[in-house]
């Protein structure tokens, strides 16, 4: 006979700590937003025709890659490895994995929809217009992909390749920032978990990394500050809405365990 499904007090306490990590995550996001505001005063508007050193160019590229399709999986793997190393309770980790998966899927889905809905030109299109290779930022989006790339190639003598090669790879709209949405999810989720565990150095490193990514997006001419802060807001709303505990998972695992 299978015993009735119950959760002992110690088990409940573990999930209480997970819920408390949401508060810690929000505090981490507040720190991230505050530091990004300060950074935005330095990096925006960015002088996109300025001379770029190899060191600065490589730093900004690697920061932006760490939250882009080139490296976001590596960033996730590092953070998840640190969480799994500290949290030995497999069931807890399953709850967290579901929460993280939903956050990532819904945030990227929202980003794609909002870009097409708002159709805000990227800041670098203003530089292209100033250099007279396009009529206006809006007209850039009437061009084909090949025509867009051709216009960008035309300014390579005035604009560093450290910037133009990113422009060629991202000719879609500006608002909101997909990189910053991903970073915001990481700050909320991983930063919150680290902080709630008392691992403040790791939480701080996640925040500093996030600020670095945000700075790189401004420096590259990909986004305006409003794009970044809107992305943080969207990430926060999803983080508040998406639960960190799924009772149905407990029931399924309990039935499997007691077969």
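These residue numbers are counts, starting from 1, taken along the chain as shown.
Keep in mind that glycine also has a Cβ here, set from the backbone N, Cα and C atoms.
Small disclaimer: the values here were computed from a predicted structure and weren't measured.
Under the heading domain 'Phosphatidic acid phosphatase type 2/haloperoxidase', TrEMBL lists 95-243.
For 23-44 (among others), the entry in TrEMBL reads transmembrane segment.
Counting same-chain residues at least six beyond the ends of the transmembrane segment (64-84), those with a Cβ under 8 angstroms from any Cβ of the stretch are 93, 96, 100, 166, 179-180, 182-183, 186, 190, 193-194, 202, 206, 209, 213, 216-217, 220, 222. As annotated by TrEMBL, transmembrane segment applies to 64-84 (among others).
Residues or ranges marked as transmembrane segment by TrEMBL: 96-114 (among others).
Residues or ranges marked as transmembrane segment by TrEMBL: 173-194 (among others). Within its own chain, the transmembrane segment (173-194) has Cβ neighbours under 8 Å at 21-29, 32, 64, 67-68, 72, 75-76, 79, 82-83, 96, 99-100, 103-104, 107-108, 110-111, 114-116, 118-123, 141, 200, 202-203, 206-207, 209-210, 213-214, 217, 222-224, 226-228, 230-232, 234-236, 238-239, counting only residues six or more beyond its boundaries.
The transmembrane segment feature in TrEMBL is assigned to 201-222 (among others). Listed as Cβ neighbours of the transmembrane segment (201-222) (distance under 8 Å, sequence separation of 6 or more from its ends, same chain) are residues 24, 28, 31-32, 35-36, 39-40, 42-44, 46, 48, 59-61, 63-64, 66-67, 75, 79, 82, 122-124, 127, 163, 166-167, 170, 174, 177, 179-180, 183-184, 186-187, 190-192, 194-195, 228.
Residues or ranges marked as transmembrane segment by TrEMBL: 228-249 (among others).
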For the domain 'Phosphatidic acid phosphatase type 2/haloperoxidase' (95-243), residues assigned helix / strand / coil by DSSP: 109 helix, 0 strand, 40 coil
